[in-house]
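To start, the structure under review is shown below, and the notes come after it.
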Amino acid sequence: MGKTADNHGPVRSETAREGRENQVYSPVTGARLVAGCICLTPDKKQVLMITSSAHKKRWIVPKGGVEKDEPNYETTAQRETWEEAGCIGKIVANLGTVEDMRPPKDWNKDIKQFENSRKDSEVAKHPPRTEFHFYELEIENLLDKFPECHKRHRKLYSYTEAKQNLIDAKRPELLEALNRSAIIKDDK
């Protein structure tokens with residue numbers, strides 16, 4: 001992924017990358033590697049959220065799978081933010097890694113039987129489903145035409161509203177990333 005003609009940010013494609021055949025997984029845990037952005041307004045009072053492609057009434061943040069040809073997580077985060085939200089901006093902070101510890105969709109539902117069969121009380125119930133690498137991005141521009149503009153809605157929310165959206169969407173790992181950002185916490 002090169003630079004735009006003005007050398008500012010990644011090249012912005014007109015189509016979104018889809019499918020998981022070129023995505024990267026952790027060699028240690030098998031978790032899918034994902035990168036995304038917490039996109040804040042310059043005054044840090046609002047965060048940009050998008051509707052989930054799987055659950056249209058749930059609001060989340062832009063993120064997606066790391067591809068084999070991407071040199072780093074930051075590149076993936078900016079690409080996904082462009083494709084899913086039409087957001088252009090500057091990365092201002094690395095928010096670190098957050099693991100999605102929700103059980104995989106096909107995980108054994110009878111976890112009690114597994115727990116009872118083990119004497120080790122500290123055993124992990126399952127490995128992380130996803131390993132997220134998040135960045136804080138300062139919004140410079142929101143373009144109307146972007147690869148997923150016909151699939152998703154986007155909206156700016158205050159911290160309190162965004163926090164509730166992520167609780168409603170059952171996405172504690174995304175809330176963790178939001179909490180690590182410099183957004184003004186208006187719920188205090």
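Positions of Cβ are set from backbone N, Cα and C atoms, glycine also.
These numbers come from a predicted model, not from an experiment.
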Of the residue ranges 65-86, 153-174, the one that Swiss-Prot records as motif 'Nudix box': 65-86
Number of helical, extended and coil residues in the motif 'Nudix box' (65-86), per DSSP: 13 helix, 2 strand, 7 coil
Nearest-integer angstrom distance between the alpha carbons (Cα) of R129 (1D-myo-inositol hexakisphosphate binding site) and E173 (P(1),P(5)-bis(5'-adenosyl) pentaphosphate binding site): 11
Residue pair R171 (1D-myo-inositol hexakisphosphate binding site), E80 (Mg(2+) 3 binding site) - Cα distance, angstrom, rounded: 18
Of the binding-site residues listed as E80, E84, D100, E173, the one whose CA lies nearest the CA of R32 (1D-myo-inositol hexakisphosphate binding site): D100
